[in-house]
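Record features (TrEMBL):
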type     : residues          : note
BINDING  : 92, 154, 226, 230 : substrate binding site
ACT_SITE : 92                : active site, nucleophile
ACT_SITE : 154               : active site, proton donor
Ligand code: GLY
């Protein structure tokens, strides 16, 4: 591992140098995808709002650079304007407030951040459908947009906010909801071969499963790689938070599917099961997320087994660093090139994505030291 210490330190140094420069340019805003070298900004209610401040908190923890902390805190304050917006908020509340308020609270013990994160956890728990035992993903965005019965695999990453709220308050309601949703994900989203569905539709009145939908994957029976990466990491965290071994088994099953489908450079294509003739773009963000998931699995299993997961995570992060990273080029805001956000909608294909950057840096910091995760 000695060699790893060296390249990880070097990579973190380059990340810090570049993010220091982009912080001057982006400031307290909410970047998502970098188009023609510039991060495009989103409104604060968009699901990606937590990743830039989360990245700044990761680097603040490394460097104690107050300018990074200041921007992260300003981003968090801006989210106050959307926490009361019933129409715009959805299950991504978990992504948004875990990487802003929970991160801030874990690092600085700021009581305002704790209060915000608890409010966010209440809103997330309130999306639970107790007939179907799922957290509703999104709200209807236009007339006729019927998605009351939709749950999505990404939501596994929102559950740590609920477990955190139970730990902080002693009130088990939050973890009850998280466990019920986790069981639903296990029973209805993970296929026998280890691939996953993105969206499953339930009958919101009876709770019965109706069908699976393709969502951001190519089709309902393809294998969207970022969905698999959310499952690997989310299931590993569910095991951490419940101690229930079936979540660890499931995380390993999805991980084995994912690893078996990696190309030679260890960075996944956006969908592992595409028909002939569809361009197989990479999704570097799925690689970064899955690497963090593999590191979480490696923490949960015994030593010889742990080594396999950890070595694979290192190969993935190293490949991102060596072949996908953009370090010195001030004409490119993103850190990690070649992410694919939403192929079916033709959005943000083959570009840097802020969550790819975030998880790449989280993976590096996890290799450097045994920090408490923000999740
Ligand atoms: N819907 C979250 C994602 O694009 O992964």
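Cβ coordinates are placed from backbone N, Cα and C, and glycine is handled just like the others.
Everything TrEMBL records as a feature, shown here on the structure.
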{"residue": "92", "record": "substrate binding site", "CB count, 10 Å": "22"}
{"residue": "154", "record": "substrate binding site", "CB count, 10 Å": "23"}
{"residue": "226", "record": "substrate binding site", "CB count, 10 Å": "29"}
{"residue": "230", "record": "substrate binding site", "CB count, 10 Å": "26"}
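When secondary structure is read from DSSP and collapsed to three states, residue 92 (substrate binding site) falls in the coil class.
Checking the binding-site residues 92, 154, 226 against ligand 1, the ones with a C-beta less than 6 Å from an atom of that molecule are 154, 226.
The record assigns 92, 154, 226, 230 to the substrate site; their largest pairwise CA distance measures 15 Å. Apart from 92, 154, 226, 230, the substrate site neighbourhood in this chain, defined by C-beta within 8 angstroms of the site C-beta centre, holds 95, 152, 153, 155, 156, 157, 227. In the three-state DSSP scheme, residue 154 (substrate binding site) is classed as helix.
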